[in-house]
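Below: the structure, in structure tokens.
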């Protein structure tokens, strides 16, 4: 309930001693807590202004990464025609410029899990300012193709790090009622960066745009204002700092005792084992199951095709014989898709959005495939506009579903002790898939081929089926309840033999 901008907090779930409670690791008889009388949870008011600020600060780097991704599509003509640099790359070298962004992201994702465990999300995000500055500095002052390669690789490194750290951070600082909306802001920040790159390319020369992008990095130090995750402070025994962080996120009048008690409860022997070495967590079936589902949805996200429109969207407009200025219609589709996801993810839930958006991609892709087949044989120019609006619907459905929710589910399906390592593996796999997709697309002239869209329809159908069968609904659920729902087919709850990890998002 809201009153005067204040929201009632969902009470923190106290540790349960019943065998029927949602659990993660098997509790042995010696680990069972003593029975005691539980008092009814007391609801208290939460001021979410601090949460919104922390989410905004943490996604500044995501916006920078969106600019770097959008630069790939908007700069091609200027670079290839030698208007912005003293050198002129070949088509193969330009494909390398696009590919190295994804390769840098894939390689830099892997050490992020260790950095998050040791340094925390806040310091890991701040460290990325260095590769971000190096990347744009080399891009702006490139004197050769290898310098441009290096700049794009550094920018990819920074983006890959944010793909790992920001979703983890947003999941740990958010309440269960706000976790979905705060999680999709990451994709929204990237989209804003892409749209910014496209809009700037319509009015300014690439050389000026590069200097403006370099100047935008002055916003990076604002990330110092974001608090560290309370869970990180608790794990390192700094309870006063954890309480300060919670007051920043929930309001100065917020009573932190219940949430701190939940985070500081005694771990089971198996939980202590995983905290000593995350690799030990993979011997548990539900951890492997969560990771497998996250990997599958990450693979399908990059195969679905929207990345092609971002990297080669302007080329597709040329293929349709439409002026590049009308690419703003595609930007409108991205914005509407993100807004739909942002406002509905915590109301409808994750699964309905995945299912409906994937179904929309299937139908639009089939139509586009047939449309391009008819258009190429009949040569009707007016049909190009129909294709443009259909592509806008395609990217809108993608953003409303698998494009945004992949990052949310990546953090939600994994229990907190396994998130740093698990998310780094999933994100590395995600961007490695993007690397191969761009390699394949760049070497084949299939920008307006009907069979390309029919392939996208098949992949979207797989996303639809996978969401129906294997993805549980995680809306407003604690980590323990999410693990409980990770059953077999149709996500039937399995026998409850696992105990929940500490999860600060249960507040």
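For all residues, glycine too, the Cβ spot is worked out from N, Cα and C.
As annotated by Swiss-Prot, topological domain 'Cytoplasmic' applies to 1-53, 117-124, 174-183, 229-293, 346-351, 396-420, 472-507. Swiss-Prot lists 1-26 with the feature region 'Disordered'. If you look up Swiss-Prot, you'll see 54-74, 96-116, 125-145, 153-173, 184-204, 208-228, 294-314, 325-345, 352-372, 375-395, 421-441, 451-471 marked as transmembrane segment. Annotation source Swiss-Prot lists topological domain 'Extracellular' at 75-95, 146-152, 315-324, 442-450, citing sequence analysis.
Between the transmembrane segment (421-441) and the transmembrane segment (96-116), three or more CB pairs separated by 6 or more residues in sequence fall under 8 Å, so the two stretches touch. Only residues 6 or more beyond the boundaries of the transmembrane segment (352-372), in the same chain, are considered here, and those with a CB under 8 A from a CB of the stretch are 304-305, 337, 340-341, 344-345, 383, 386-387, 390-391, 393-394, 397-398, 400-402, 405, 448-454, 456-457, 460-461, 463-464, 467-468, 471. In terms of DSSP helix, strand and coil, the topological domain 'Cytoplasmic' (174-183) has 5 helix, 0 strand, 5 coil.
The highest tally of CB pairs under 8 A with the transmembrane segment (96-116), across 125-145, 153-173, 294-314, 325-345, is held by 153-173. Within its own chain, the topological domain 'Cytoplasmic' (346-351) has Cβ neighbours under 8 Å at 177-181, 405, 408-409, 412, 467-468, 471-476, counting only residues six or more beyond its boundaries. With a cut-off of 8 Å between Cβ atoms, the residues of this chain six or more beyond the topological domain 'Extracellular' (75-95) that come close are 142-145, 148, 201, 205-207, 209-210, 314-315, 438-439, 442-443. Of the candidate ranges 184-204, 208-228, 451-471, 184-204 contributes the most Cβ pairs within a distance under 8 Å of the transmembrane segment (153-173). Each residue in the topological domain 'Extracellular' (315-324) gets a DSSP state, and the totals come to 6 helix, 0 strand, 4 coil.
Here the topological domain 'Cytoplasmic' (117-124) returns a mean pLDDT of 93 for the predicted model.
Distant neighbours of the transmembrane segment (184-204): 55-56, 59-60, 62-71, 73-75, 162-163, 166-167, 170, 212, 310, 313, 324-325, 327-328, 331, 334-335, 338, 341-342, 345, 399, 403-405, 407-408; these residues of the same chain sit at least 6 beyond its ends, with a Cβ under 8 Å from one of its Cβ atoms.
Put simply, of 125-145, 294-314, 325-345, the stretch with the most CB pairs closer than 8 A to the transmembrane segment (451-471) is 294-314. Taken residue by residue, the topological domain 'Cytoplasmic' (396-420) breaks down under DSSP into 21 helix, 0 strand, 4 coil. Long-range contacts of the transmembrane segment (54-74) within its own chain (CB-CB distance under 8 A, at least 6 residues past either end) are made by residues 97-98, 101, 121, 125, 128-129, 132, 135, 139, 152, 155-156, 158-159, 161-163, 166, 169-170, 173-174, 182, 185-186, 188-198, 200-201, 206, 213, 216-217, 219-220, 222-223, 225-227, 248-249, 310-315.
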